[in-house]
Amino acid sequence: MRAAPTILHLDMDAFYASAEQASKPSLRGKAVVVGGLGPRGVVATASYEARVFGVHSAMPMAQARRLAPNAAYLTPRFTFYRAISDQVMGLLRDLSPLVEPLSLDEAFVDLEAGGAAWDEESARLVGVRLRADIRAVTALTGSVGLAASKMLAKIASEQAKPDGLVLIEPGTERALLGPMSVRILPGVGPATGDHLRRAGITTVEEIVEAGEDEVVRLLGKAHGHGLYAMALARDDRAVVAERDTKSVSVEDTYDVDIHDRVRVRMEVQRLADRCVRRLRGAGLSGRTIVLKVRRYDFSTLTRSETLRGPTDDPAVVREAAGRLLEAVDTTGGVRLLGVGVSGLADYTQEDLFAQAAGEVDLVEDEAGGAVEGPAVEERSGGERQWRAGHDVRHAEYGHGWVQGSGLGRVTVRFETPEDVEPGRVRTFRTDDPGLEPAEPLPLVRGGVPG
Ligand SMILES: [Mg+2]
């Protein structure tokens, strides 16, 4: 373990809910719940005001509605959150080449690797400045943990929440961890926690007191040794730069050049399926689909397409690879074909979303919609269905967002991120000719780091 607290862990505060509050002045200071609004939807993020009622992420939406009936319930606007995330990750990459994102709103940064910090004082300064820059650029708050290891940096940011900074001084780690629950250690879930509790071990200190042999006897070799080391605050895991550089790919070289276009197309579909099997086997999804073609004269082309969100859906990868192939001339014959997926992620929050969104689509009587869906959708019978939470523009009243929709009416609140006071609400017929979907407005106009 290093001697200086130069590993930084950033975690944005109630990210999706905070982004919605920043975007919609009337929701600031109010309970906001973002997630799937269908009968089997789950909460993705709850604002701190909603957490007071006991609402938390991964909770069934129906339960959240019982706990906080007056909260604002919104479908996620994933493209919007990703744009903000890109801004935040950009600020982190300015600090170091070693940035390890854990989700859209959470990442480790090795400050020493970037030369940004080398001791306690410089590390604290970087953390303070980073929080100010995030606020200036995104209008949102993030909490920062600083420590000499990843485990402690993450614990520190948890303690810093919301909107704070905690630095754990090297040498104080064991005293800090001692009284904490065993559940604070990485890899200790409910099952392992129960197992340890039945052996009379509930705190980190008690793991140390039990001794390594006893912990190994209880949990087995692989898990026991690692856990005992963590209890002693020994954590040498390195910050690993994001997986974007890596990819999962498969390719085939053919004994005889393929000339038949239909056969080339079939081979690409087959490779796409194989690639997805490998991707899923590794528990990953990716955003960028890559097609590689080596032609009869050994000239090699790669073509890629980046999707709006990560996928591990064979149909999506097949389609994208097929589209890429359309743009490649294969008339002289093909020696090799390859299909790959890069921009890999295992964003768990996103998976939660994908499920929630899938459920929402099944609901007919609710203005909820798919994650990447447009603000308005033409339903059978020609009725326009407006999605709650999405941005719209009215010819006469300007920019606003859909507060609710049903029975041929849509309610819009006209306000923008720059407004201080909540905007006014108006109701229209769903087919009002003056109303059209709009892009989200930036939270900060021309925001630059200070
Ligand atoms: Mg967060």
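Start at 1 and count along the chain as shown; that gives each residue its number.
Each residue, glycine too, has its Cβ placed from N, Cα and C.
Heads up, TrEMBL stuff is auto-annotated, nobody curated it.
Here the structure is a predicted model, which means the values were calculated and not measured.
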Out of 235-261, 289-315, 424-450, which range is noted as region 'Disordered' by TrEMBL? 424-450
Measuring Cα to Cα, how far is Glu106 (active site) from Asp11 (Mg(2+) binding site) in Å? 5
Of Asp11, Tyr16, Asp105, the recorded positions listed, which put a C-beta under 6 Å from ligand 1? Please answer none if none do. Asp11, Asp105
Let's see if you can do this one: DSSP helix, strand and coil counts over the region 'Disordered' (424-450), in that order. 0 helix, 9 strand, 18 coil
Work out how many Å separate Tyr16 (site 'Substrate discrimination') and Asp105 (Mg(2+) binding site) at their Cα atoms, rounded off. 9
